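S.K.: Input: one structure, supplied below.
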Amino acid sequence: MCSSLAGPDCCGGLDNIDFRQADLCVMNWLLGYVDPSDPYFVAAVLTIAFNPLFWNVVARWEQKTRKLSRAFGSPYLACYALGGAIVLLNVLRSHCFTQAMLSQPRMHSLDNPTAYLVGLALLAVGGVLVLSSFFALGFTGTFLGDYFGILKEARVTTFPFNILDNPMYWGSTANYLGWAVMHASPAGLGLTAVVALVYVIAILYEEPFTAEIYRRKSSQLRKRS
């Protein structure tokens, strides 16, 4: 009965596969460049994962309780304090990222002037996205002022938000990718993939909540009018 529902068991199923015969060349090649157990690599992964978790948890807690605003006597001061903490954590993340790259081998095929220029271009693009996002949002807009009740009249749609969603996150990712390419670092490329993955998760977590905050504001304004 069960076998008829499951269909034919092709080639005898997974039990008949000899995993000892699998080609491990790619894995061996990767592990030749990247040591996941290296303390600097582990520290970089932990800081990459921790930072968005920290600011989302703190911001959600503030949005629900307003305890930070009361402790600092102002939502603006509380937002500035959180923003300062985020900046320091990002400096630590970048330091761990760089140390992880320096502690592991360089890839010879990437260690050339052309790749270096590509990395430099990625850094430039990332820098433009991050800085233009900051100037468009302002300090409180950049550092989760929405959660402190510091709302703009409407969500920002000027450059770079008119060409890309979440340009601050993708600009930061481009910065790390450029930095990794400039250092010809497979470890850096792997860590950049972790950065991108963590940001995708953060976006999925943040976007609906931020949209709901502005939806509530719009609804309140309509009721008053």
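In case you wondered, yes, glycine gets a Cβ from its N, Cα and C as well.
Those TrEMBL annotations? Automatic predictions, nothing curated.
It should be emphasised that the depicted structure is a prediction, and the values quoted were computed from it without experimental measurement.
Here TrEMBL flags ALA124, VAL125, GLY126, GLU206, GLU207 as S-adenosyl-L-methionine binding site. Marked as intramembrane segment by TrEMBL: 39-59. According to TrEMBL, the topological domain 'Lumenal' annotation covers 1-38, 60-71, 141-183. The annotation topological domain 'Cytoplasmic' is assigned in TrEMBL to 93-119, 205-225. The feature transmembrane segment is assigned by TrEMBL to 40-59, 115-145, 187-205.
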S.K.: Could you list the residues of the same chain, at least six apart in sequence, whose Cβ is under 8 A from the Cβ of GLU206 (S-adenosyl-L-methionine binding site)?
M.R.: ASN56
S.K.: By a 10 A CB contact count over all chains shown, which of the binding-site residues listed here is most packed: ALA124, VAL125?
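M.R.: The largest 10 Å Cβ neighbour count belongs to VAL125.
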S.K.: I need to check the long-range neighbours of the transmembrane segment (40-59): which residues 6 or more away from its ends have a CB within less than 8 Å of a CB in the stretch?
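M.R.: Residues packing against the transmembrane segment (40-59) from afar: 34, 68, 82, 85-86, 89-90, 92-93, 96-97, 99-100, 102-104, 143-144, 147-148, 187, 191, 194-195, 198-199, 201-202, 205-206.
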S.K.: Under 8 Å between C-beta atoms and at least six residues away from its ends: which parts of the chain pack against the topological domain 'Cytoplasmic' (93-119)?
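M.R.: Beyond its ends, the topological domain 'Cytoplasmic' (93-119) has Cβ neighbours at 32-35, 38, 40-41, 43-44, 46-48, 51, 176-188, 191.
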S.K.: For GLU207 (S-adenosyl-L-methionine binding site), which residues of its chain lie six or more apart in sequence with Cβ-Cβ distance below 8 Å?
M.R.: none
S.K.: Over the topological domain 'Lumenal' (1-38), what is the model's mean pLDDT?
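M.R.: Taking every residue in the topological domain 'Lumenal' (1-38) and averaging pLDDT yields 56.
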